[in-house]
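What follows is a short report on a single structure.
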Amino acid sequence: MSDWDKTMDLLFGFVTGHIHSRMFETILKFSICDLLEDGPKHYSEISKIIGFKNESYCYRLMRYFVPYKLFNESVVQVGLFSKTPSSTQFSKNGTLKNLGRFHCQDHHYRIFESLPKTLEMGKNQGPSSIGLSSFWEHFETDESYKQLFHNAMKDYTSLIIDRLISKISLSPNFKTVVDIGGSHGFLIGKLLESNPNIHGINFDLENIINSSTSKNENFQHPRLKHVSGDFFNSVPEADCYILKYILHDWSDEKCITILNNIHKSLKPNGKLFINDLVLDPSNYTKEAVFKDILMMQYFDAKERSINEWHQLFEKCGFKIDSVDTSISPQLMIVSKINSSNINLNDCTNFNSEIVEEKLKNSLPQFVNC
């Protein structure tokens, strides 16, 4: 690679992301990946199927993605495209199409117009870019967006569910497990299939559990109940709680409220299984730091390091027993601290310096298997 090519790669790597994703959104919008699933096609045929007025534009768009391994173009017959493992992932046969469409939504671009203002003011300004005071309002005002979000999260869960369930070891003494913010109950339903003596509760908001659309999509299992409520007020009593990608959506203050409510309802010797990213300062992944900025700009929330998780849990009377780093997001197993000197109603007295000192002497067991 010449010096010029290296320079251009450096430049394009930093400045073309928004254009690149807009081109990719066009690929998804017209389901071009789907059209290649049954065999190679010439761009002229693809243009005709979709109804493009200028077939050369279709060719140029598809050609753009050849270096990114989204499509293959024949060297024998120029313009003949075939699928790749990547294009299949973004087709109806894959698991990334809904996730791709979700992240390419227009307002996701607009939200980041106010990133400089977020930094200047010290509070996220993302929702104001689309005329909202909170990003969660978007789920109340746009039914199609809410449905796309739930489809995307279901696909995301399908990517990790088998691995995650294999890591969740439930005590034979557990009778009830609650999935907090479990959407349509896909995860807890699958967990019940491999744990025949457990009863499950899928706990989420009223408009998610009981809407006409949701009732058709809710996972059905004889030992599973779908219960609506607000985890900022209370949660159902249980021996075990699962929180998959929930706490990273909220500030420390909001997380404290959620965890305190769980602490009140967790039965003796109970456990929490927290599936969330754990930032590693010695090895930041692109996924982790990207999602951290998303959480900041969308929700005034964040991804957390192991020290930050420790501090958060200890504020609410919990401790980390182990962290499984063999899956991502990581799986933390959390239990109550057996101590009488923790005042759950006065988290403002928490002293981070004391916790930092404790961390030096009592880090959790890290499991990598």
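The backbone N, Cα and C atoms fix where each Cβ goes, and this holds for glycine too.
Proximity of His248 (active site, proton acceptor) to non-local residues of its own chain (separation of 6 or more, Cβ distance below 8 Å) is seen for Asp276, Leu277, Lys291, Met295, Ala301, Lys302, Glu303, Arg304, given in sequence order. Mapped onto three states, the DSSP output places His248 (active site, proton acceptor) in helix. Here Swiss-Prot flags His248 as active site, proton acceptor.
Long-range C-beta contacts of Phe231 (S-adenosyl-L-methionine binding site), restricted to its own chain and to partners at least six residues apart, with a cutoff below 8 Å, comprise Ile180, Gly181, Phe203, Ile258, Asn261, Ile262. In the three-state DSSP classification, Phe231 (S-adenosyl-L-methionine binding site) falls within coil. Residues or ranges marked as S-adenosyl-L-methionine binding site in Swiss-Prot: Gly181, Asp204, Gly229, Asp230, Phe231, Lys244.
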Within a 10 Å radius around the Cβ, which one of these binding-site residues has the most neighbouring Cβ atoms: Asp204, Asp230?
Asp204
Where does Asp204 (S-adenosyl-L-methionine binding site) sit by DSSP, helix, strand or coil?
strand
If one looks at the chain holding Gly229 (S-adenosyl-L-methionine binding site), which residues at least 6 apart in sequence have a CB under 8 angstroms from its CB?
Phe203, Leu205, Glu206, Val235, Pro236
For Gly181 (S-adenosyl-L-methionine binding site), what is the secondary structure by DSSP, using just helix, strand and coil?
coil
Please work out the number of neighbouring Cβ atoms within 10 Å of the Cβ of Gly181 (S-adenosyl-L-methionine binding site), leaving out its own Cβ.
19
